[in-house]
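Peer 1: Mind looking over this structure? Questions follow.
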Amino acid sequence: MTDLEDYRKELDAIDQELVALFEKRMHISQAIGNYKVAHDLPIFDEGREQRVAEQNLTHLKSDEFAVQTHHFLDTIMDLSKEVQKDVRAASNDYEQIFAIHEPKQPAQIGYFGETGSFCEEAMLAYFKEAPRDPKNYHTFESLFLAIQNGEIDYGVLPVENSSTGAISQVLDLLYKYGLSIVGEQYIKIEQHLIGLEGTSLDQIEEVYSHPQGFQQSTDYFKYHEQWRQIPFHSTSDSAKMVKDSGDAHKGAIASRRAAQIHGLSILAESIQNQSENTTRFIIVGKDLESNPRCNKVSVVFSLDNQAGTLFKLLRHFARYHINLIKIESRPVEGEKWEYLLYLDFEGNIADENVHEALRFIHRSSVYFRLLGCYIAATENK
Ligand SMILES: O=C(O)C(=O)C[C@]1(C(=O)O)C=C[C@@H](O)C=C1
């Protein structure tokens, strides 16, 4: 027998013991996983992992393989966490995530803002037939509450603007109320400074608008810093308020349509920073709706607060050839430095690769929810 064969025999015997011990360790780790799910504890315990490494390094006869031993223990604990994630995933009813509902017809629609709002425009553009007696709401949250209570079936809200980015309150409310995205619509946004008929710019002392109206028009306001900027419910509510006040010192940032509807004049035209200023609106409903024509998926999830977790997860989008459209992060309420990740990507939940990727995200996340699978809007729709 050669020396090599002797060595290999020795290794075989050691591996046999290692595998038996590894299997035993994984069973215990699985039991810990069940305990953690039952007691709502996080899988990753940094302090415990440090102690495991420290105490085991003291068992070494010399420092020669200290680095490798550390790596070995880390790898074992990574595998142990994988098993615990499977335990956690199995505890959630995975199939429930994909429960699809039929669209509601005829539906009661609601939108954010006063009549003349951009949301009303988005609603009229999205629904093929103009909805009958739509209801309007003056805060994002009151619209979410109305959907939750069944007062309306669908609500139209802004979620992202091309110059100011995500409208984070809407993302937070999607998580808070557990509602679903059933569709989306782009609307080109032109903001105007409007006031009472016959008013001139030098009479203006204060301007009302939704915070988005101000944020999208910061360049214009650089030259009018003496004007008080007063945040109000929506751009269209601001227009109505200016009209109702009858006060020539008040102006509003709103659309041309809002000016016409509320009988106001345009004092300064197209004051938004970006000429191509566009907002993406979402149609929110109570349940998940999807059909084979849907080609965009939105999810929200949170990860264990551990180095490399996000990378390990996003890597799978490349592996499954899924085109990521957008990623947005928001702090978790009440949890310091913990984040929820909102992800949009191309595909349909019935596609094999999307299904696999979602299964993986679900398994790797502490919290996971499929927000919607819907038809991606085109900007010139
Ligand atoms: O002790 C725990 O809490 C475990 O879940 C076990 C274990 C391990 O494999 O040793 C796994 C994950 C934790 O991050 C810490 C340690």
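Cβ atoms here come from the backbone N, Cα and C positions, even for glycine.
Feature annotation from TrEMBL assigns domain 'Chorismate mutase' to 1-88. The domain 'Prephenate dehydratase' annotation in TrEMBL covers 108-286. What TrEMBL records for 298-375 is domain 'ACT'. Under the heading site 'Essential for prephenate dehydratase activity', TrEMBL lists THR279.
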Peer 1: What's the number of neighbouring CB atoms sitting within 10 A of the CB on THR279 (site 'Essential for prephenate dehydratase activity')?
Peer 2: 23
Peer 1: Could you say whether, by DSSP, THR279 (site 'Essential for prephenate dehydratase activity') belongs to a helix, a strand or a coil region?
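Peer 2: In the DSSP reduction, THR279 (site 'Essential for prephenate dehydratase activity') maps to strand.
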Peer 1: What is the pLDDT of the domain 'Chorismate mutase' (1-88) when averaged and given as a whole number?
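Peer 2: Here the predicted model's pLDDT, averaged over the domain 'Chorismate mutase' (1-88), is 94.
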